[in-house]
Amino acid sequence: GTIHLFRKSQRSLVGKLTHEFRLVAADRRSWKILLFGAINLICIGLLLMWCSSTNSIALTAYTYLTIFDLFSLVTCLISYWVMMKKPSPVYSFGFERFEVLAVFASTVLAQLGALFILKESAERFLEQPEIHTGRLLVGTFVALFFNLFTMLSIKNKPFAYVSEAASTSWLQEHVADLSRSICGIIPGLSSIFLPRMNPFVLIDIAGALALCITYIFIEINNYFAVDTASAIAIALMTFGTMYPMSVYSGKVLLQTTPPHVIGQLDKLLREVSTLDGVLEVRNEHFWTLGFGTLAGSVHVRIRRDANEQMVLAHVTNRLYTLVSTLTVQIFKDDWIRPTLSSVPIANNILNLSDHHIIPMPSLKAADNLNPVTSTPAKPSSPPPEFSFNTPGKNVSPVILLNTQTKPYGLGFNHGSAPYSSVLNQGLGIPGMGAAQGFRTGFANVPSRYGTNARGQPRP
């Protein structure tokens with residue numbers, strides 16, 4: 001085979017990941033995230049050791065929130081990497097969907113951890129072990145401090161957007177009801193508790209409160225079942241907080257249209273359909289490309305005398321206010337009406353009833369045609385290359401001569417004059433010779449008006 005001397009060697013998956021990590025690490029903004037990630041790993045190791053020494057399932061459930069913080073830091077690094085990368089031929093829309101996938105994976109893993117805690121708690125209800133409270137309260141405050149410090153110090157763009165765009169959890173709704181009552185007594189707290197609290201800060205505070213209650217009950221009455229009940233409460237709060245975010249990011253991955261922009265899109269499409277020269281707007285599809293980025297494509301059919309560039313500019317100007325990544329396909333109406341003949345017909349035609357006109361079968365049903373434009377309103381499938389299957393475009397009506405000649409009174413014999421130059425298409429008809437061709441069908445027109453059967457002029 002051919003030897004390529006300067007061919008680049010293909011990198012392995014590990015080599016590609018190392019190259020991309022070096023690209024992210026070169027930015028100084030990512031150094032802070034890497035530092036918090038290293039501290040997070042140390043805290044996770046300490047908390048897991050304290051969970052084993054205290055034998056507390058509630059502290060284990062709270063430690064999973066610290067592991068979720070590590071996932072959020074990785075998501076923040078991916079967000080920085082997406083901002084550095086430019087669209088490529090493989091990823092023509094860019095790399096924004098990678099951060100959507102990172103948020104979806106992080107929330108789903110947090111829910112799986114909550115399900116694991118629920119399973120372990122169900123087993124502990126059958127046989128409750130003894131809980132040691134020596135490091136239970138210390139681990140609670142260490143985890144709470146680090147979680148809040150991480151959430152408030154790092155500006156995580158993907159999770160900040162998802163927490164605001166997703167629907168509220170049941171924990172947020174209950175806290176919002178309680179906050180309204182408190183703010184009615186103390187109005188100054190409205191800026192903190194209203195309109196709704198950050199779900200990550202809320203679950204950190206609620207989990208720490210559950211662990212403090214567990215510590216109090218175990219220290220006073222040695223009631224070890226409170227630890228299992230607190231673990232179930234933390235797991236349910238984790239699942240209820242992460243589930244709306246998983247649903248929202250999953251809908252983005254499925255390329256669905258956001259419900260809050262459907263009304264605005266319908267209004268813009270109605271405005272586009274009323275533009276000068278626009279006949280029809282079809283095959284519109286809009287979806288969420290990334291967090292806060294809407295993409296879409298639309299086909300616009302215009303009149304044959306309309307200016308394509310002018311219509312394209314107006315359509316793009318209307319839709320670009322809402323759709324940042326837009327693809328508009330402009331095509332003109334190609335409807336052509338059939339004609340019988342390209343030459344004028346003589347006025348001395350005696351009778352047209354002797355000629356049979358073979359009607360061509362219509363390719364579309366009459367009820368599928370638009371009475372305004374005479375084009376299919378909504379075809380069952382989009383035509384290839386925007387060429388409509390219109391009747392009469394490529395086939396002209398065939399007019400054949402009637403073989404039965406009738407006398408026209410007075411004993412005249414009408415000769416036949418060939419008109420093969422008028423509609424001779426060079427086509428063949430089954431049962432006829434190829435050299436015969438087509439005639440106009442007006443073959444009984446006399447070549448000389450006023451001659452009898454013998455060729456003598458009439459008296």
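Using the three backbone atoms N, Cα and C, a Cβ is placed for every residue, glycine included.
TrEMBL lists 31-50 (among others) with the feature transmembrane segment. For the transmembrane segment (31-50), same-chain residues at least 6 beyond its ends with a Cβ under 8 Å from one of its own Cβ atoms are 25, 59-60, 63, 66-67, 69-70, 73-74, 76-77, 80, 135-136, 138-139, 142-143, 146, 150, 153-154.
As annotated by TrEMBL, domain 'Cation efflux protein transmembrane' applies to 34-254.
If you look up TrEMBL, you'll see 62-83 (among others) marked as transmembrane segment.
TrEMBL lists 95-116 (among others) with the feature transmembrane segment.
Among the features that TrEMBL reports, transmembrane segment is placed at 136-154 (among others). Residues 32-33, 36, 39-40, 43, 46-47, 50-51, 54, 56, 59, 62-63, 65-66, 69, 72-73, 76, 198, 200-201, 204-205, 207-208, 211-212, 214-215, 218 of the same chain sit 6 or more residues outside the transmembrane segment (136-154) yet have a Cβ under 8 Å from a Cβ within it.
Long-range contacts of the transmembrane segment (200-218) within the same chain: residues 56, 58-59, 61-62, 65, 72, 131, 133, 136-137, 140-141, 143-144, 147-148, 151-152, 159, 163, 171-172, 175, 224, 226-227, 230, 233-234, 237-238, 241, each at least 6 residues beyond the stretch ends and with a Cβ under 8 Å from a Cβ of the stretch. Look at TrEMBL and you will find 200-218 (among others) tagged as transmembrane segment.
The annotation transmembrane segment is assigned in TrEMBL to 224-243 (among others).
The feature region 'Disordered' is assigned by TrEMBL to 370-390.
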| Surrounding residues of the transmembrane segment (95-116) on its own chain - C-beta under 8 Å, 6+ positions past either end | 61, 64-65, 67-68, 71-72, 74-75, 78-79, 81-82, 85, 87, 158-159, 162, 235-236, 238-239, 242-243, 245-246, 249-250, 252-253, 289-291, 293
| Where else in the chain does the transmembrane segment (62-83) make close Cβ contacts, counting only residues six or more beyond its ends and a cut-off under 8 Å? | 20, 23-24, 27, 29-30, 33-34, 36-37, 40-41, 43-44, 47-48, 51, 94-96, 98-99, 102-103, 105-106, 109-110, 113-114, 117, 139-140, 143, 146-147, 150-151, 154-159, 200, 203-204, 207-208, 211, 234, 238
